[in-house]
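Working notes, structure below.
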């Protein structure tokens, strides 16, 4: 009886809360302990009675009843027999739900290897036994025998014997003299007999003594897996299965279809195969069948079990009846349709609906229009409860009837229920957190959801048929979070850059722009010298002005004088007069009254940018509530006046410049000229192409400028008053719709088109859309247009995948503490590109905490260490002329798991310091991923002039005095100053002695300034020829040739058009005769002896292939003259990987194709002996360490000479640097700066602004691992990769014990790799390569402590971020209290000490 009572309690088990999940390999005993019985038959259900067969795959006796509280034969029914086991059919009377969690098992007649541990690379069984996978498979699939016990025979242990060899050995040495086995039994036996401790010790000794390069890596891998088995308590023989678990039947259901057929889960088929083969094998063994038959059956059993676990990993894919591969257990987990991504990370939710959206201009910002029908359905439970409470209905059934009939009282109650109950609206794709926002519903007729126009930008919604989903937050907590955190009024700023996102667009912008136009000569305008009517156009009162407008005494655009009353800085009323227009006065009426928001904010032409700045000003000074009210007001104003203005355009508004054809003809003549030059052989095909494309691009731009000039000019009417501005220009200039590029296509010329490959077609489209295209032009333009459409589709998928990888790598970066107390930081300065300031210092440091005091020149501290730089500090920082600020960054944050608030700085979406528990990683990932679809996909070929123009000179962006560092300059024959060194740098020093800028000069650059010169902004410092790389002489003397033999290493060509002879170095390595020549030019003295260079070597300059020689032998040269030059055509059309592929390349930390070679030490360069087709360079470091050797392919131009001195980090060969090299050579800070700048570069091209800190968060996640260079006194081996935090933990322990700490260097991992290497195996498994991750985790017996967000979503608990971050704290407090109470109780009762108590269950 007692047992039955216990059973009663066992049934309704409460869900257990847990803190961590461990995964390990299950032992046969464990599988049996889960099982409720063995499955002996392959039958599923009886097709006549539809009852499950006994001992079959759906057996009710093993898995539980089909109907709640009813046994199979019907003897026991109802609750009262709960827990009784029917003696007739053996079924326990309980809930049918147990069929979802009761497991069965199959006893295998022969052991079988688990395919994951065998075939998932690297093969765990193979590593453990140190056997090749091929050999293992030969044993397992019964092709070879394996010697287990050689006995006294000459056979070796684990030697493989084929069938013949085995029989021969048996004959030779006798049957019992040795033991050889075959199949999984053999492997199991070997695994059982392994002595892991002994192997581990042997391996450690071997690693210590080995000298080769690759051996330790292999041994390390093996040692790791052996240690994994030792630590995790897994036994190696468990990788061979003797029992196969059978998952609960309701997870592999059999569903009756109409027509008497059944749809079944593939797993049932796979299980049936295993059971059939297993039963057949059992029978064959009983019948003592011949060995060969039994072996074949065992092999088939092995294959059946393989297919069940992972179909298709080995051998043929097992297919079902319709030739479709069967879904195995592994397939159930992996991929987008697998368990992780389909059901655990994203679920469908109830209490939701979706409908089309329409615009709701009369809504307030916090409202949305919800159709009554939808509201009635969504809020049903609330309505039922209310009807019950008010006594309209006694039962739910009655309430249901009332609602279905839509009685009037139901509508009243719906109104009550909805009041202040926010709903969430979501538009797919949800690319960032503003894709879901909360609104208060307002009931409307009709069936479409109404959306406030200002939130469209955040949702990226438009009203051309978009749909949105509505979700109802049910619990009080959910409603609270929706209201406080997700309400649209609380999301005014964009999390990516901190600018307002509730910005008017399109009609609203057009209306406000129209409102703020000024027109000359409009009626009733104010004229200062108006003697007849001096008071005309002077107003001081809003009513008076409105009256004048209504009477048409004055127009919206007339110039008037206006007396404005506002609030002064001291809070007192303040009046001021402004010259303005009535339109602007009306606009100013919407402004909140505040000292920092004067009339000047609206007294300008309101383009979209100005409106955004205005909203920003209002938000920063007046706070959130005022901004929301203000936004609603200007929205109404904008719509109203756009409607009143009635702006529209006709075809005559597209003005074609009348001088169009003359410009086009000029260009045509130019192009003809280039064609002729090409035909005469003066220029190459490539040069001609570049020049032609260039000419047409210039022509197109010139036409566009002409057209813009005509459209934007204001016409006068006969009275001299301004006519209305051109409508198209208004739309484009205000930022409402259309761009100059589109206007150019409408009214100037369509311009150059691209082929699908991205190359530009030489023939442009000269017509515009107003004139119409002819057939050929139309055909040309279809080319690029189709490519555009195809690109868009690809781009979306690519961008989504990038976002997914970013979220995955950054999901556990959460704010965990207020200040980690680190003293380090990173230096920030303005980004200057080709003399243009691209990002000012102020924008980069705003909202970040300082890492050291910011001190002005007079010694006053502007910002103290650890304080955040706010807007109010910026004027002082600019005034102090500070160029570089050291700020805190997440890259240097010392918080163990997560980041600290001080290092992160301001929360951009709120404008306040970041909150505890904010999931900054996910925000960073969304901010970088969301604009992904706006980036381009293709790699550009930038033709001709485009790239050259920006890289041939340096301009100063500061005023100051010039200093020249590493001065290696010489005056050449023309009297110009030439930089003859590789690291000459021009430093601009400000008046206060602070270095303002440092410019490294190109070798051979012509200096326009000298030491001590004063320089102004915009003045040129130096310039160089971008088309050539010069080889300069550094001494004065006479030119001599060495090994320059005409016809062997040099050719002389005469230019036909000019008759000038040109000497070019040709490839002399082609033939054996000439291959040992070393063509060079030597500078000699009068006696023909080579002159010495300052650094001691001869003045001998080796010439690369294709060098054009500049002097004849015997010519006199001065230092700085160009002896020879190499033409750099290659630089002109280098593919620039742009857009998304570039961003992905940087985040994945891939090595670029033509990676630059970077000097890893400062030192001297020497050329060694050439090696095959590579040049050998040796770098002898100045610090006396070992020389470094570089092998460089012959084709690459090395712009260094023998004996040149390079600094650490200089490029030896140009190209894109590999991020790993930057990290290794220049360190973390340089790497971060490089990645941030390169990624920002791509986004800047598209006009997308993202704050640096987001990229820093991702880079921090990429730098989490450290490679151990010296294990110190720990058991960690060098070459291992461990977490940064683990390293510090280990070292703290080691130093405390007075031992030698571990040394390591940071490693950069790409985002995919970093995601797969997170501590949490659940997170990694749900990301990619599920099988591999789970196999590895199981072998290591990994424990997932559920610290990140993803793991918690998967196990279904609250995420430890945001409002959920408190839960962890509360739990730990509760645990401490529990422990204290226990101790008190023990102290009182003198019970056993805490250590021996069973561990407390996690809350």
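Our numbering is plain: 1 for the first residue shown, then up by one each step along the chain.
A Cβ is built for glycine as well, from the same backbone N, Cα and C atoms used for every other residue.
If you check Swiss-Prot, you get these features:
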BINDING   71, 73, 86, 89  Zn(2+) 1 binding site
BINDING   462, 464, 466  Mg(2+) binding site
BINDING   820, 893, 900, 903  Zn(2+) 2 binding site
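Features recorded in Swiss-Prot, as mapped to the structure shown.
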residue	record	Cβ within 10 Å
71	Zn(2+) 1 binding site	25
73	Zn(2+) 1 binding site	14
86	Zn(2+) 1 binding site	20
462	Mg(2+) binding site	11
464	Mg(2+) binding site	5
466	Mg(2+) binding site	17
820	Zn(2+) 2 binding site	18
893	Zn(2+) 2 binding site	24
900	Zn(2+) 2 binding site	22
903	Zn(2+) 2 binding site	29
Candidate binding-site residues 73, 86, 89, 464, 466, pick with smallest Cα gap to residue 903 (Zn(2+) 2 binding site): 466
Cα separation, residue 466 (Mg(2+) binding site) to residue 86 (Zn(2+) 1 binding site) (Å, whole number): 58
Minimum Cα separation from residue 89 (Zn(2+) 1 binding site), reported as the residue among binding-site residues 462, 466, 900 that achieves it: 466
Integer Å distance between the CA atoms belonging to residue 462 (Mg(2+) binding site) and residue 73 (Zn(2+) 1 binding site): 61
Residue 820 (Zn(2+) 2 binding site) versus binding-site residues 71, 464, 466 - nearest by Cα: 466
Other residues, Cβ within 8 Å of 71, 73, 86, 89 Cβ centroid (Zn(2+) 1 site): 60, 72, 74, 75, 76, 87, 88, 90, 91
Residue 462 (Mg(2+) binding site) versus binding-site residues 71, 893, 900 - nearest by Cα: 900
Zn(2+) 2 site, defined by 820, 893, 900, 903: further same-chain residues with Cβ within 8 Å of the Cβ centre: 817, 819, 822, 888, 890, 892, 894, 895, 899, 901, 902, 904
Between residue 71 (Zn(2+) 1 binding site) and residue 893 (Zn(2+) 2 binding site), the C-alpha gap once rounded to whole angstrom: 63
Remaining residues near the recorded Mg(2+) site, that is with C-beta within 8 Å of the centroid of the site residues 462, 464, 466: 357, 461, 463, 465
DSSP-derived structure type at residue 900 (Zn(2+) 2 binding site), helix or strand or else coil: strand
Between residue 893 (Zn(2+) 2 binding site) and residue 464 (Mg(2+) binding site), the C-alpha gap once rounded to whole angstrom: 47
